[in-house]
Amino acid sequence: MTINAQQHNHGSEVEDKKTDSVADDLFSDSGVVVPKSAANDGFVVPGSNAFGNSFRDYHAETERKKIVEELYRLSHINQTYDFVKKMREAYKKMDRVEMSIWECCELLNDVVDDSDPDLDEPQMEHLLQTAEAIRRDYPDEDWLHLTGLIHDLGKVLLLPSFGGLPQWAVVGDTFPLGCAFDESIVHHEFFKDSPDYNNPAYNTKHGVYTEGCGLENVLMSWGHDDYMYLVAKENETTLPPAALFIIRYHSFYALHKAGAYKHLMNEEDVENLKWLQIFNKYDLYSKSKVRIEVEKVKPYYQSLIEKYFPSKLKW
């Protein structure tokens, strides 16, 4: 199978410099080190998304604008502290199906993300675009290649065999519950109709949390990020902690783009955030129409799956 597309070749020097500075600061005690000289070599940031507008422009007049707005309206009303606790409890059982990582990748051919203002194409394309872009620039970090491939697999929650959850309970930017909603969250205006918005236990800066408690202890809005994190963790993946952090928080744009909620982070979060900021560039800006020969790259990713995961996973 071949994914047909056209590659964008124009870029943003400002964005490149920002990401390079992050990579230059990266050191790790976990044995995973970012090569300082390899930061984004060869990666060119597209100047516009598939609709000809700036990336993540939620106000651009496109055919997807109303779809995206409605998704966030429903998300901000229905994603409550109690709702997320119930969803995590239900899905942590991993009792729906057993299948391999690659089988799950193929299921995403039937999924389109209504929250994405940049693409309206099947998710399998995005997975491979992200993974291959990272592989080109960080050839020695195979764990990061695999993270690129699997980071969105939780979107199978949209399919009937996984509960057929509505889009607002699967995709879109994630945010903490149990504390005040930061104004940097996309379409913040819709939170006024959330049951948690005026709850005095949840509407202060710290809410139910304490300074520096660590993001591991923070309840995030439910969706594909948290679900795939639970799948990887419960199936005892050998991916490094930075990979699990990326999977769980790659849609937490209020943190890694706007700098909100840093008061809840601990030292380990600070280190892992550096990896996420590098990953985010590939997750976001690889959303262009790049041609990927699936059968050609499949053996490589199969080898990584075998290295870091069991042959069959419980989902």
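A Cβ is built for glycine as well, from the same backbone N, Cα and C atoms used for every other residue.
Marked as substrate binding site by TrEMBL: Arg56, Asp113, Asp114, Ser115, Lys155, Gly172, Asp173, His250, Ser251. All protein chains shown were included, and the count of other CB atoms within 10 Å of the CB of Asp173 (substrate binding site) stands at 21.
Sequence-distant neighbours of His250 (Fe cation binding site) (same chain, 6+ residues apart, CB-CB distance under 8 A): His151, Asp225, Leu276, Phe279, Asn280, Asp283. The annotation Fe cation binding site is assigned in TrEMBL to His126, His151, Asp152, His224, His250, Asp283.
Sequence annotations record features per position, and here TrEMBL assigns compositional bias 'Basic and acidic residues' to 10-21.
Taken from TrEMBL, the feature region 'Disordered' covers 1-21.
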Cβ neighbours of Asp283 (Fe cation binding site) where a neighbour is any other Cβ within 10 Å: 22
By Cα-Cα distance, the member of binding-site residues His126, Asp152, His224 nearest Asp173 (substrate binding site): His224
Other CB atoms within 10 A, centred on Lys155 (substrate binding site): 27
Cβ contacts of Ser251 (substrate binding site) (under 8 Å, same chain, 6 or more positions away): Val171, Gly172, Asp173, Thr174, Gly223, His224, Asp225
